[in-house]
Amino acid sequence: MASHTNFRLHAFVWLALATTAFSLSPKFYDKVCPQALPAIKKIVQAAVHRERRMGASLLRLHFHDCFVNGCDGSLLLDSTSTMDSEKNARGNFNSVRGFEVVDQIKAEVDRVCGRPVVSCADILAVAARDSVVALGGPSWKVRLGRRDSTTASRTLADTVLPSASMDLPALINNFKNQGLNQRDLVALSGGHTIGLSQCSIFRNRIYNATNIDPAFAKERRETCPRIGGNTNLASLDPTPARFDTAYFKNLVKKRGLLTSDQALFNGGSTDKLVKTYSLNPDAFWDDFAKSMIKMGNIKPLTGKQGQIRVNCRKVN
């Protein structure tokens with residue numbers, strides 16, 4: 001009997017250790033390299049100070065990384081003779097940016113740590129949080145300990161990244177496939193309170209949609225003609241360099257820039273939450289932070305899986 005109990009105790013201890021070893025923790029680098037997180041923060045703050053739009057770009061990198069096979073830094077890999085980069089996927093091509101800032105962070109973190117101990121996937125997660133904070137948004141404890149993938153999939157990225165033309169059922173389903181619910185969908189879409197979008201992405205909405213404020217559509221058409229001007233930029237909300245609730249206030253007024261934005265407030269199941277966030281910044285901040293932690297937990301590589309890349313753009 002005693003030996004049986006002993007065995008169960010050992011099994012429990014082993015399981016506890018295994019769970020600890022393979023789950024993400026905010027303290028992951030505390031002993032290995034306590035200088036890592038301050039180094040990331042310093043570079044992100046400088047980059048966002050130089051160009052406010054960079055905050056949104058870094059946030060988007062983390063989001064687009066996590067949605068394709070988990071938060072594993074696969075988006076950062078350049079194409080090789082045997083692999084087509086996720087950077088070439090429909091939702092990323094000529095659109096995702098900020099890679100040079102990630103390179104800069106990686107070089108500095110490896111320098112202060114004395115060797116490559118911080119993964120590129122973790123850099124994306126921390127840089128996303130620091131970008132939001134730099135633009136006046138909430139902070140949260142980023143769980144760390146992700147490792148980097150040794151492969152990428154443009155084909156998967158083409159399939160799973162949400163598109164700006166999606167309606168509400170498609171968006172709900174897209175997020176559900178990642179283990180995220182409707183609250184996560186609305187909260188994370190609130191990331192569009194910062195940043196800009198290209199004319200080619202919202203042209204169809206401003207010329208053809210019926211659920212749009214006519215004055216807003218007219219205003220947007222001035223810089224986004226029916227033909228040409230594909231890369232002309234417009235802000236996703238009136239304060240693109242400030243993390244606030246203007247995005248949700250806009251949706252209530254039918255001034256969402258993207259079809260997928262306005263879909264969140266269009267007589268459907270998410271209307272109530274959009275209204276809540278538009279009136280209650282604390283509720284939005286709280287939920288955004290929780291959903292970012294949840295998204296950052298999508299299928300991470302941990303323990304002995306993957307690798308710690310020396311160069312974020314290529315496999316070791």
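The backbone N, Cα and C atoms fix where each Cβ goes, glycine too.
TrEMBL lists a disulfide bond between CYS113 and one candidate from CYS33, CYS66, CYS71; that candidate is CYS33. The recorded disulfide partner of CYS312, taken from TrEMBL and restricted to CYS71, CYS120, CYS199, is CYS120. TrEMBL names the disulfide partner of CYS71 among CYS66, CYS199 as CYS66.
Within 10 Å of the Cα of SER74 (Ca(2+) 1 binding site), not one of the recorded positions from the list CYS33, HIS192, CYS199 places its own Cα. Non-local neighbourhood of ASP65 (Ca(2+) 1 binding site): CYS71, ASP72, GLY73, SER74, LEU75, LEU76, ALA121, LEU124, each in the same chain, at least six residues away, with C-beta under 8 Å from its C-beta. In sequence order, GLY73, LEU76, LEU77, PHE99, VAL102, ASP103, LYS106, CYS120, ILE123, ASP148 make up the list of same-chain residues 6 or more apart from CYS312 (disulfide bond) whose Cβ falls under 8 Å from its Cβ.
The Ca(2+) 2 site is defined by THR193, ASP237, ASP244, and by the 8 Å test on Cβ atoms against their centroid, the other residues of the chain that qualify are GLY190, HIS192, ILE194, LEU236, PRO238, THR239, PRO240, ARG242, PHE243, THR245, ALA246, TYR247, PHE248, ASN250. Taking CA atoms as the reference points, HIS192 (heme b binding site) and GLY70 (Ca(2+) 1 binding site) are 21 Å apart. For the domain 'Plant heme peroxidase family profile' (23-316), the predicted model reports an average pLDDT of 97.
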